[in-house]
Amino acid sequence: MAGVVVVGAQWGDEGKGKIVDWLSSRADVVVRFQGGHNAGHTLVIDGKVFKLALLPSGLVRGGKLSVIGNGVVVDPWHMLTEIEGIQAQGIEVSPESLVLADNASLILPWHKDIDAAREGALGAAQIGTTKRGIGPAYEDRVGRRAIRVADLADPAALDLKIERLLAHHRPLRAGLDLPEPDGAALKAALLEIAPQVLAYAQPVWKLLDEKVRRGSRILFEGAQGVMLDVDHGTYPFVTSSSVVAGNASAGSGVGPGAISYVLGLAKAYTTRVGAGPFPTEQDNDIGKRLGTVGHEFGTNTGRARRCGWFDSVMVRQACATSGVTGLALTKLDVLDGFEEIKICTAYKLNGKTIDYFPAGLTDQAAVEPVYETLKGWSGSTRGARSWTDLPPEAVVYVRRLEELVGKPCALVSTSPEREDVILMRDPFEG
């Protein structure tokens with residue numbers, strides 16, 4: 001048995017979709033364990049583009065079991081729409097290939113209303129939420145009033161759950177100048193889709209326990225990145241779930257002993273979507289070039305990503321909090337043609353040099369990057385599949401990142417194509 005967790009080691013958008021797709025060829029089961037449909041994956045397979053947000057990336061590969069774990073908040077309407085979308089692209093989806101945790105919490109239309117109203121009220125201080133109801137759904141989950149997948153099979157329990165929700169949401173919506181919530185309409189909408197959703201529902205913890213006992217290879221697919229973790233990220237400019245690798249266990253129902261390798265993904269530079277501190281941001285021609293060449297626009301939202309140099313301090317911290325075993329470095333080809341490339345090796349804060357990202361919001365905004373400059377390369381790295389295909393300067397760059405982060409590179413991705421990967425160590429081989 002081997003369990004590999006894939007987590008982003010920056011602010012998300014590190015190319016997890018491609019790497020998970022590549023690793024899924026070695027896996028029997030692919031599991032989503034946190035987040036919702038707020039983080040998109042783009043997969044390019046035989047020239048065909050698949051855009052996923054909620055569904056595990058393993059679905060686009062035949063012969064794999066894909067699982068949505070209990071740690072995910074699920075918009076059931078979006079789930080069904082996304083299933084229909086990839087079915088239209090020729091992908092077979094059935095209860096034999098996709099399983100949904102029966103104890104996963106649901107995202108409701110009310111959650112989206114609240115998300116959008118709160119974000120709009122913040123004005124210039126907006127966090128940058130996708131307004132898809134993720135945060136409010138997690139609030140109801142923690143508040144023990146969430147509607148869960150299993151409740152769709154029990155109309156009597158659904159009535160009680162909706163009454164409990166109404167007691168909380170009525171005054172909340174009134175304070176946000178939102179219309180009175182309609183419990184009857186919500187129940188009718190949920191019961192209408194219940195048969196379709198319940199067809200995929202199972203006790204995922206039990207299913208995965210059986211897979212572990214049989215020695216199956218399980219790939220745990222994280223969403224977002226560690227620096228968006230609700231505890232360890234740039235709070236409050238974070239997501240509403242735990243993104244670190246440790247949550248792969250809690251968010252799927254398997255014990256931590258099932259995890260044998262943690263793969264941390266990082267771009268060869270840095271990007272961020274939405275507001276929040278970003279020490280190495282390049283709000284200039286360099287940032288524009290990175291964004292243009294790297295096609296840095298959100299899969300779900302289309303929002304332009306902020307771009308900057310690689311921040312080894314941040315990635316090292318993300319690796320520490322997630323227990324990363326090895327790195328997968330992506331988008332190395334975007335740096336082709338730069339005469340020089342900078343790497344952040346430390347921060348300056350109030351005149352002192354520090355080697356970590358501080359927890360306080362004021363300090364996070366005040367840190368200044370300390371850079372090391374490396375020579376760039378004029379040759380192309382695009383499509384490289386071995387070290388010998390890389391310009392010498394690119395090899396030096398990758399090796400320097402390994403030194404600064406303190407983790408070896410297991411994989412280097414050199415294009416969006418699935419097979420354009422330099423493999424140093426197969427995570428499933430330990």
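Here the Cβ of each residue, glycine as well, is placed from N, Cα and C on the backbone.
Cross-referencing Q224, Q282 with the IMP binding residues that Swiss-Prot gives (D13, E14, G15, K16, N38, A39, G40, H41, T130, R144, T239, R303) picks out Q224. G15 (GTP binding site) is 16 Å away from A304 (substrate binding site) when you measure Cα to Cα.
Rounded to a whole value, the Cα-Cα separation of Q224 (IMP binding site) and D13 (Mg(2+) binding site) is 7 Å. Within the set D13, E14, G15, K16, N38, A39, G40, H41, T130, R144, Q224, T239, R303 that the record links to IMP, no two Cα atoms are more than 34 Å apart, and one pair reaches that distance.
Using a 10 Å Cα-Cα cut-off from K18 (GTP binding site), the recorded positions that qualify among N38, H41, T130, R305 are H41. Other Cβ atoms within 10 Å of the Cβ of T414 (GTP binding site) number 25 in total over all chains. Within the set of recorded positions G12, D13, G40, H41, T42, the entry lying nearest in space to T130 (IMP binding site) is G40 (CA atoms).
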